[in-house]
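What Swiss-Prot records for this protein:
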type	residues	note
COMPBIAS	314-330	compositional bias 'Polar residues'
DOMAIN	125-157	domain 'LisH'
DOMAIN	163-220	domain 'CTLH'
REGION	310-330	region 'Disordered'
ZN_FING	335-396	zinc finger
Amino acid sequence: MADHEASKINHDNHLLLDQPLLRLPYELLRKNFRSAHFTVEKESTTLNKLLKETAKGSLDGKTSPEDVVKNLDTMIAKMRGMKRKLSTYANEETRLYKQLDARVAHLRELSDMHSVEDVKYEAWSRKRLDRLLVDYMLRHGYNTSAQALANEREMHDLVDVETFLTMSKIRESLENGSVTEALAWCNDNKKELRKLQSNLEFLLRCQQYIELLRINTPSKSVEAITHAKKYIAPFQEQYPDEVREMAALLAHRPTDKNLPLKYAAWYSPDRWTKLATSFVEAHNKLLGLPTFPLLHTALSSGLSALKTPACHGTQKTTSSSQPGHSQTSMTSTVCPICSIELNELAKNVPYAHHSKSHLDNDLLLLPNGRVYGQAKLDEYAAKAGLAEGQVKDLVTGEVYSRTALKKVFA
């Protein structure tokens with residue numbers, strides 16, 4: 001009964017991990033619809049205004065036939081332009097719905113499985129691992145490798161390559177000292193960023209201002225003041241302290257001696273890295289993406305199931321080679337949680353909750369403090385070809401007499 005419960009698939013827990021799989025296409029569909037709606041509203045307003053002016057001028061005789069024809073040509077051109085834009089939005093909507101259908105079908109496959117022993121579960125689990133690996137690589141800039149894996153596994157509709165490629169491009173531009181693409185992204189998502197109370201646009205405008213001051217010439221100083229009046233002053237109510245510091249930077253240039261730390265921080269080259277990080281955080285929050293890669297979440301869950309209070313310790317083991325050769329000492333981890341690859345990730349996860357204990361019968365305590373079941377010691381001694389009355393530690397290889405062993409439970 002216990003084995004059956006352990007092998008049973010918990011569909012709710014799987015869906016918790018795979019929430020972003022459905023959420024991102026949904027958020028992108030909303031964004032696509034808002035963009036299409038804005039285009040229709042904007043172009044319709046312009047067309048209606050021009051149509052009314054043309055009709056009124058034509059009826060009043062104030063507009064010549066040539067101007068009427070010219071206005072009609074302008075309206076036709078605008079309509080064609082709007083049609084092209086709407087076609088682009090329609091194609092994007094079709095792509096996103098196709099993506100969403102594929103992801104729902106992928107999750108529906110899991111709903112038909114009820115045990116990890118199902119032959120189909122291994123293939124499904126492998127596909128999910130591939131998805132998590134692509135997500136991890138895209139988040140860390142390994143775009144070529146991520147695309148290669150997605151192509152090999154034929155799972156383009158299950159991963160968000162285009163979204164992360166766009167994010168990666170803007171992040172790299174910030175790391176290379178350019179705010180142009182990031183500001184364009186902020187302009188496209190102005191309303192949403194305002195709802196999230198994001199300060200990204202303000203930080204980008206401040207960086208533009210700082211770069212003008214860094215040049216430290218009279219013409220650039222005037223340009224910086226003009227920039228501050230237009231783009232930084234409107235944020236005075238939201239970020240009063242930062243705006244005052246921006247004004248003070250006019251009197252504190254990066255070449256000044258004994259530059260106060262708070263002003264030196266604004267001129268630090270590290271600010272580009274911080275801006276890139278701020279952009280990624282705003283991007284993920286806007287699209288409802290997790291802060292950390294889903295691979296970390298999945299690994300943390302598995303690590304927590306294995307972690308015990310004995311973890312993060314090491315045990316020195318001594319292995320002896322053939323007679324006459326020196327002994328070598330090596331340090332091996334007690335469990336996989338303590339391995340170099342997983343140690344850091346496992347540090348902050350909780351310990352496993354075990355409601356049932358599984359102990360061998362007739363536990364025996366070895367002189368080195370290790371405990372094993374008698375059956376295991378007997379089996380290992382037979383395999384090792386030990387003399388009668390001797391046992392061997394399964395980990396360290398140390399040999400002891402049976403008389404030196406103590407029963408754990410009398």
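Placed from the backbone N, Cα and C atoms, the Cβ positions cover glycine too.
Beyond the ends of the domain 'LisH' (125-157), by six or more residues, the same chain brings 18, 21, 98-99, 101-103, 106, 164-165, 168, 171-172, 293-296, 298 to within a C-beta distance below 8 angstroms of the stretch.
Applying DSSP to the zinc finger (335-396) sorts its residues as follows: 21 helix, 9 strand, 32 coil. Note on the zinc finger (335-396): mean pLDDT across this stretch is 82.
Remark: secondary structure over the domain 'CTLH' (163-220) totals 47 helix, 0 strand, 11 coil, with classes taken from DSSP.
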